[in-house]
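Chemist: This is the structure, below, for whatever I ask next.
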Number of protein chains: 2
Amino acid sequence: MIRVGVNGYGTIGKRVADAVAAQPDMELVGVTKTSPDYGAEGALRHGYDLYAAIDDRAAAFDEAGLATAGTLGDLLDAVDVIVDCAPAGVGERNRPTYEAHGTPAIYQGGEDAGIADASFNARASGTIRDADSLRVVSCNTTGLSRLLAPLDEAYGVEKARVTLVRRGGDPSETGRGPINDVVPDPAAVPSHHGPDVNAVLPDVTVDTAALKAPVTGMHTHSVNVTLEREPTAAAVRELLRAETRVFLIPEHAGIDGAGTLKDYAADVGRPRGDLWENCVWEESVSVQGRDLYLFQNIHQEADVVPENVDAVRTLATDVSREESVARTNEALGVGLDSLLSDDGSARGQVPADD
Amino acid sequence: MIRVGVNGYGTIGKRVADAVAAQPDMELVGVTKTSPDYGAEGALRHGYDLYAAIDDRAAAFDEAGLATAGTLGDLLDAVDVIVDCAPAGVGERNRPTYEAHGTPAIYQGGEDAGIADASFNARASGTIRDADSLRVVSCNTTGLSRLLAPLDEAYGVEKARVTLVRRGGDPSETGRGPINDVVPDPAAVPSHHGPDVNAVLPDVTVDTAALKAPVTGMHTHSVNVTLEREPTAAAVRELLRAETRVFLIPEHAGIDGAGTLKDYAADVGRPRGDLWENCVWEESVSVQGRDLYLFQNIHQEADVVPENVDAVRTLATDVSREESVARTNEALGVGLDSLLSDDGSARGQVPADD
């Protein structure tokens, strides 16, 4: 059993904790919180041991009536791997503590690439050996890497150009904007997302332009990939359908945006309505010469969660990448398989010259 | 004097009426409304003669206390050109009436291209002779045409790829959505906008992908143009700065989105806070090899307004395109010239290899 701790039980941390707890080969030792708020209560209701992330705030948990099992240092000494799910930039401040305890650590994509021995995406990263720390790339980078890796393998990516229409904030981040505006962010093009893809796919040329919009549900990517060899749209759809962490949204499912996507996720029983997969609109997948176009949605709260689980196995075991992905998918139920796309041969038949 | 009528005093019609009334060589004979609402009151307060667009609703204006000068037929018989500003698709239903009265007509971009003898954009259209009707292309197509025409002339456009993040509705369209979602619209790629650009720029290859967002202020375009000859970013900025209907947003002006853009327009005295120009973020103009990238905002209520004025002159006179544009710009004050971008040589000096 791999003993795992989660430092920071927030948007990502709570989901990583659930995902770790669901793995037969992992034990969630506990999670930390900086203050005794509703999130801390939620951790206890889930049956997770709660640790104070900051030593001198431990008493506040007692005063609030929430029992703690210790502080961060105690958790670090009890685990094989710590998954840092602190806000962006705080991971860098936490690193000396992990290193002082000799605890292998996983960081999130909000940290600089240099924080860890390697950046990680289960689908796209090359072989990683003897790492003591990994950085799971950000939600947007994860989504782009999962898409570009199979395209590069099948057709060769000459150049990818992506506009990211990012969600302004998560549903719980009530203080963020914009309201009633679409804001270039950054106004300079290209954005950092392209170089971040190169942290896991160093040989793929990708330019990204980023905006933020007054929505909380998901990120939306408008993707263009100029391929080295001309594909058919039908073949690209089949290629993406075969990727377990890509959900090809059936054309006639009545799913038109993030709202319906998350309603669907809730309908099929996903915890928190989470979508761990890239959600690609089947209808949008089209080809003009060697130019491929598509829209995909990325659930910023969820898509990195299975990646964190695989990163834990990569740090702590010799299990192969493929085996880890299969285990993670099996334990969580990753891989949406819509009855609307698979039922009936009529829908499956796409003209070869589509 | 060119006698002009406006059929449909709505979002576009009220602005076209103001713009026509401001031209020294034009007389606004009157405007129509289908019903006596706040818009009709506004027309009278502007001093415009009001005509009932639908004969058997004329009495309703009297009952509401709003005086009319007649019905649409009376207006058509009194003008040299009628500018149809009816909702999309209604222009097609109005066409037989215009033809029965022998009145040359201008339609808006919501109509099919086949409605008129030619599609029109003052910057991009080729020479137009002996036309009895013109269709001013849509706000988005106008914005793309104004951008692609000078780029094609200066560098040759190999291929343009544009993601349009469209506003969900105008500020007055309270019934429209989406709320809290970015929706592929249409989900299929490419959208109709690319072919519509070809109605005025037939030789430019352009693929467009369209989304709609919960904003009312402006459309946002994320533009990529692969050029035939490699430019510098500085040269493209100068090229665009020289276009009178393009506003290059100064990098340090504190303008970050549609909200600040329209605040600026109001500050400089623009009627209704209108932005007739393409608004291009100077900071976003960047070059990677032969790939040009930039963001531009398009004010969907306003950018076609000067184009309609030029279309009137094209139908009714032998005035050259350049002369018409100059007159329209002069009369309206088109051409934002920010003190922040022009003041001081330091800002104007951009490294040649930028």
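Indices start at 1 and increase along the chain as displayed.
Just so you know, glycine gets a Cβ as well, placed from its N, Cα and C.
Just so you know, TrEMBL annotations never went through curation; they're auto-generated.
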Chemist: For the NAD(+) site that TrEMBL lists with A:Thr11, A:Ile12, A:Arg167, A:Gln300, give the additional residue from the candidates A:Gly65, A:Gly110, A:Gly114.
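Modeler: For NAD(+), TrEMBL names A:Thr11, A:Ile12, A:Arg167, A:Gln300; of A:Gly65, A:Gly110, A:Gly114, the listed one is A:Gly110.
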Chemist: Tell me, how many other CB atoms lie within 10 A of the CB of A:Cys139 (D-glyceraldehyde 3-phosphate binding site), whichever protein chain they belong to?
Modeler: 25
Chemist: Can you give me the Cα-Cα distance between A:Gly110 (NAD(+) binding site) and A:His193 (D-glyceraldehyde 3-phosphate binding site) in Å, rounded to a whole number?
Modeler: 11
Chemist: Other than its close neighbours in sequence, what residues sit by the region 'Disordered' (A:167-194), given a CB gap under 8 Å and a spacing of at least six beyond its ends?
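Modeler: Result: 11, 138, 140-141, 144, 206-219, 258, 300-301.
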Chemist: Which of the binding-site residues A:Thr11, A:Ile12, A:Arg167, A:Gln300 has its Cα closest in space to the Cα of A:Asn140 (D-glyceraldehyde 3-phosphate binding site)?
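Modeler: Comparing Cα positions, the closest of these binding-site residues turns out to be A:Gln300.
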Chemist: With H, G and I counted as helix, E and B as strand and the rest as coil, say where DSSP puts A:Ile12 (NAD(+) binding site).
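Modeler: The residue in question, A:Ile12 (NAD(+) binding site), is helix (DSSP, three-state).
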Chemist: Taking the Cβ of A:Arg167 (NAD(+) binding site) as reference, which residues of that chain separated by at least 6 in sequence fall under 8 Å from it?
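Modeler: Listed in sequence order, they are A:Lys212, A:Ala213, A:Val215, A:Thr216, A:Gly217, A:Met218, A:His219, A:Ala258, A:Gln300.
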Chemist: Could you tell me which three-state DSSP class A:Arg167 (NAD(+) binding site) falls into?
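Modeler: For A:Arg167 (NAD(+) binding site) - judged by DSSP and reduced to three states - the answer is strand.
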Chemist: Distance between A:Ile12 (NAD(+) binding site) and A:Cys139 (D-glyceraldehyde 3-phosphate binding site) at the Cα atoms, whole Å?
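Modeler: Their Cα atoms are separated by 10 Å.
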